[in-house]
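Listed features, source Swiss-Prot:
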type   : residues : note
DOMAIN : 9-41     : domain 'LisH'
COILED : 63-87    : coiled coil
REGION : 84-108   : region 'Disordered'
REPEAT : 113-154  : repeat 'WD 1'
REPEAT : 156-196  : repeat 'WD 2'
REPEAT : 200-243  : repeat 'WD 3'
REPEAT : 246-285  : repeat 'WD 4'
REPEAT : 290-350  : repeat 'WD 5'
REPEAT : 352-391  : repeat 'WD 6'
REPEAT : 396-448  : repeat 'WD 7'
Amino acid sequence: MNPVLTSRQADELHKSIVAYLTANNLSTTAATLREELSLGEDVFDAEKTAKYQSLLEKKWTSVVRLQKKVMDLESRSVALQSELEHSTPASLSKRKDPTSWLPRSPPRHSLESHQAIVNCLAFHPVFSSLASGSDDSTVKIWDWELGELERTLKGHTRAVLDIDFGGPRGAILLASCSSDSTIKLWDPADEYKNTRTLTGHDHSVSAVRFVTSRPRSENLLVSASGDKTLKVWDITAGYCIKTLQGHTGWVRDVVPSLDGRFLLSSGTDQTARLWDISAADPESKLVMVGHENGIRCCAFAPPASYVHMAALAGLKKPPPSTSTAEFMATGSRDKTIKLWNSTGTCIKTLVGHDNWVSGLVFHPGGKYLLSVADDKTLRCWDLGDDGRCVKVLADAHGQFITCLRWAPGIVKKGADQGAEDTGPLEKTAPSEVQIRCLVATTSVDKVVRIFAD
């Protein structure tokens, strides 16, 4: 057998083993090895032995670290190879096309200041501000372009679980919800002063979203809670105007449709529910069943995705772009993502994550769905290619990823000139909104990451 080590390397290894055995009180074994290797006290005394005591352990741990690094690099190489294989001259030439842009490593910024898990984030619809909420009970406001912390908001007494910017144009507010069972409203125009605190839930409030005004005079907010209910609030009056009951477990997430008529909720009861809040006494219009564990997140498909979702559903033509709540997506602790149609039928199950799915967002261009999970990855699924996973950011975070958001689009100049509507962005036609190539994630590693073109 040809020796792998040189004579000097072998001598170093032998001395390291003897020193390790001696340091761990295995004197009999050490003495036997000394005798077989001719390393008696006259050659390898106590002083020299002490110099080698920790060498074997250091070598061992360095090998483990190198192995992990090699595995990470191999995973990254596979992801890059996959991206390269599926790139064509046409797709490469469209890299600057926002409808085909996907986030890639490294992130533009890694924002660090929170002292505990970061649970949520939200982009300001107009300015380069981003808000994040954490288990440290604070909300932090950042300038995502500069990567700098602007201010820290204190008021909640327990973990901040979700946040959202919204309200009519010119009067945008920030809403936050917490394990302290409250929702707080903050005014960005007045140095983020806490203007109102909404109480009424009997458990942690896990999700909060502004709803497009219906009619224009109203300012609505919806919340989801561990008390198994959803609540709709009039933020001007500060009152709960509707309580929606139907879930039999903790309601983990809720999102409004673009027109504000429908809500999509999901929870630990393994169901997703569609609600029509325009009804005087709303009940769940649809119950989606199919996941094998709790559903952590949900999302409405934008009209831009209808052509791809319709193909997945086997439809000859897509629904009209003016309709809402035609297709939906849910992410679960069963590690899968399910796509649903308006009848509550699962049209596709996306498999690839190795742990709980914690966040979903549809690409504004409509062709892709992005997801994050406790497997520390961000994945991109091509809805126009049978939902195939076409990109994986394996190094998105060092620990579980808790949230994923895509920055809202910017209304093109002149798109709403002369219009009386001063409502939120969702009321603007998709063709009049410029896509921003800007995505952010949060994690158990206490970091907010910005992925931008």
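The backbone N, Cα and C atoms fix where each Cβ goes, glycine too.
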Residue distribution over DSSP helix, strand and coil in the repeat 'WD 3' (200-243): 0 helix, 24 strand, 20 coil
For the repeat 'WD 3' (200-243), distant same-chain residues with Cβ under 8 A (at least six beyond the ends): 158, 161-168, 173, 175-183, 185, 249-256, 258-261, 263, 265, 267, 275, 277-278, 282, 421-424, 426-427
Intrachain neighbours beyond the repeat 'WD 6' (352-391), with Cβ under 8 angstroms and 6 or more residues off its ends: 79, 82-83, 86, 98-104, 293, 296-309, 311-312, 329-333, 335-337, 339, 397-406, 409, 430, 433, 435, 439, 441, 443
Residues in the repeat 'WD 6' (352-391) grouped by DSSP into helix, strand and remaining coil: 3 helix, 21 strand, 16 coil
